[in-house]
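What follows is a set of notes on a single structure, which appears directly below.
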Amino acid sequence: MRIENNGLNSQASVADSGRSGANGASSAAVETNGNGAGIRNGSGKLEGGSTASSFTMLAPPTPKPSYFGHDREEITRIVIQSLVDLGYHRAAGVLEEESEYTLESPEVSEFRDAVLQGQWNKAEELLFGLEINKDADVNALLFYMRQQKFLELLEVADVSKALHVLRTELTPLNQSVEKLHSLSSLMMCISADDLKARAEWDGAAGLSRQQLLSELSSNSSSNCPLVLTDSDVFCAIESISASVMIPEHRLASLLHQVKQNQLSKCLYHNTANSPSLYTDHHCDRNQFPLSTVEILTDHKDEVWFVQFSNDGTRLATGSKDYTVIIWDLEVISLVVASKDFQPIHHLKEHTGAITYLRWSPDDSKLLSCSQDKQAKLWDTTAGGCIKTMGAHTDWVSSCAWAPDGQTFVTGSVDREMILWNLYGESIHRWTGARVYDLVVTADGTRLAAVCTQMKLHVYNFVTREKEYERDLGGVSTCISVSKDSRYILLNMGAGVQELRLLNIETGADVRHFSGTKQEEFVVRNCFGGADENFVVSGSEDSNVYVWRKENGALVEVLPGHSGIVNCVAWNPTNPYMFASAGDDRNVRIWSKAPQPQLKGKMKGVCSQSHKRDPGCLPESSKQLGLIFVPLSLLTSNLFYNTF
């Protein structure tokens with residue numbers, strides 16, 4: 001399909017909710033003197049078990065060796081914290097006693113208890129007795145603590161005291177006016193539940209105090225979300241010294257960083273399972289979907305669109321031949337030993353090329369868009385047309401479902417996007433943009449569209465108001481949205497020829513993906529793989545391009561088509577399968593390379609010559625409705641949907 005002429009060529013949760021002295025502080029707290037020697041409450045331990053006053057001159061402690069190049073004290077204290085996190089309190093106490101290192105001082109334990117018990121005046125007094133990083137904004141730390149105090153007062157409906165805190169304790173700290181306005185707006189909440197929902201805060205009895213401690217002890221420079229508003233962000237960066245109060249769950253955080261580093265270097269990582277700590281992580285290239293395992297050839301002209309159903313059991317393809325075909329991926333024919341993908345419906349009521357397809361959230365319906373200026377709603381079980389939407393005055397370019405499946409949006413180059421209900425009635429219209437593609441986020445909060453005027457338009461899907469628009473500096477022909485509703489992916493055409501990952505909240509660029517070729521035709525992309533680890537796109541050079549989403553690294557360039565690759569789609573339930581559609585009239589199914597056939601027979605497994613004969617199945621398998629398949633079929637969706 002040709003582009004129109006535009007004048008261009010976290011961390012883990014609290015493990016031990018029952019403890020009162022969080023972070024593993026034992027009752028026999030020990031301070032350290034910086035050289036690794038333990039000093040309990042100002043006394044030094046002497047030979048024979050006696051103690052001496054802190055004024056007594058002690059012999060210099062014997063330095064302890066490092067732990068494989070790491071500071072022994074740091075390692076030991078982190079292990080003590082982790083033992084408490086895991087619930088091994090006695091082991092933590094034994095380690096403290098034997099190592100003479102303690103997790104934290106009595107002053108830190110007292111501060112922690114004050115925060116956890118909501119003793120805010122005491123907590124502020126104790127805060128100034130702790131070692132604060134020299135670059136820390138003390139007013140910001142106080143604001144964070146007093147904000148918690150303010151919210152807790154509102155939770156118990158003590159509005160007058162909350163107002164007093166806002167005016168006399170929070171305002172003088174000279175934080176941003178926007179933060180103060182956000183807090184003051186919460187005073188209008190009608191109930192505690194309303195407050196928690198609007199502030200995204202779980203209350204004094206929840207984890208909010210623990211989270212406050214985590215932020216106060218954090219030395220991370222990453223953005224830490226504040227529970228006030230969607231747009232307000234605060235982070236206690238470089239606050240209380242980490243050597244004084246170790247950040248919560250430090251070992252878990254370090255292990256997470258190790259895993260993420262290994263995953264970022266694993267080009268073919270394609271599983272949602274967390275890698276083992278026992279060995280260094282590496283994924284085999286042979287386990288990645290690099291091979292064409294099926295070619296669907298039923299269309300009589302260029303195939304412009306392809307999409308898997310949400311449950312991964314069916315595939316819809318749309319063509320320039322005016323037809324939509326729905327394929328069944330799950331049922332293997334037991335009569336004809338040919339394709340594993342069987343066409344179950346040919347939908348032929350359009351009088352123009354099919355430009356776009358979208359399955360409803362429950363897969364019971366399918367939307368199709370066409371150059372005949374119509375969109376049609378189909379019953380995917382019976383294969384009949386339910387409704388025809390004919391309000392557009394030019395070809396319909398795109399469509400998207402609301403997450404509840406009760407409404408949908410169609411876009412057209414006639415400068416309109418129309419919101420419809422299931423009865424085919426128009427509910428709302430957005431005008432002004434000649435739309436190439438549009439999406440609705442999975443959380444139902446936003447509608448985003450790209451147009452022929454080289455702009456991105458983002459709307460609040462609830463209020464239907466425009467949030468922002470952005471000049472893209474080139475024509476974008478495709479927009480995809482991530483499952484977490486945080487990112488959008490754009491194909492950029494002539495003059496740019498790349499894919500862009502954008503933050504949907506701000507419209508800012510996050511990452512670029514280069515290599516694909518696109519000058520004058522519509523080419524589409526998608527997210528894919530386990531956890532949407534990959535970005536995939538068609539291309540005008542007849543190849544399929546696959547990148548790592550996290551770092552933009554090009555994973556593979558896959559040849560196979562003999563014309564432009566117009567569209568790609570990854571199976572949402574099978575990380576080892578995706579499809580591509582091209583001008584060569586073919587749809588290619590990509591998966592792992594077929595494994596060599598086993599010679600001879602194994603008990604309970606059919607031979608290759610009888611692979612589609614139900615009579616060769618074990619009796620118990622017939623009763624359970626199971627079908628055994630040879631290794632050559634293990635790349636199909638039938639196998640991988642079981643995991």
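Every residue, even glycine, has its Cβ placed from backbone N, Cα and C.
Residues annotated as compositional bias 'Polar residues' in TrEMBL: 1-14.
The compositional bias 'Gly residues' feature in TrEMBL is assigned to 35-47.
Taken from TrEMBL, the feature domain 'CTLH' applies to 104-161.
As annotated by TrEMBL, region 'Disordered' applies to 1-53.
Annotation comment: TrEMBL describes 296-330 (among others) as repeat 'WD'. If one looks beyond the repeat 'WD' (296-330) by at least 6 residues along the same chain, the residues whose Cβ comes under 8 Å of a Cβ in the stretch are 1, 339-348, 350-359, 361-363, 366, 368, 370, 378, 380, 383, 522, 524, 563, 566-574, 579-589, 636-638, 641.
Feature annotation from TrEMBL assigns repeat 'WD' to 347-388 (among others). Confidence annotation: the repeat 'WD' (347-388) carries a mean pLDDT of 97 in the model.
Taken from TrEMBL, the feature repeat 'WD' covers 389-422 (among others).
Tertiary proximity for the repeat 'WD' (531-557) is limited to same-chain residues at least six positions away from its ends with a CB under 8 Å from its CB atoms, namely 263-264, 267-270, 272, 288, 290, 482-483, 489, 491, 499, 501, 511-521, 523-525, 563-568, 570, 578, 580-582, 590. Sequence annotations record features per position, and here TrEMBL assigns repeat 'WD' to 531-557 (among others).
The annotation repeat 'WD' is assigned in TrEMBL to 558-591 (among others). Note on the repeat 'WD' (558-591): residues 1, 270-272, 287-297, 299-308, 310-312, 315, 317, 319, 341, 521-530, 534, 536-540, 542-546, 635-637, 640-641 of its chain, located 6 or more positions outside it, place their CB under 8 angstroms from a CB of the stretch.
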Beyond the flanks of the repeat 'WD' (389-422) by 6 or more, those residues with Cβ under 8 Å of it: 4, 352, 355-356, 358-362, 365, 367, 369-377, 428-440, 442-444, 447, 449, 452, 461, 464
Summary of DSSP states over the repeat 'WD' (558-591), given as helix, strand and coil counts: 0 helix, 17 strand, 17 coil
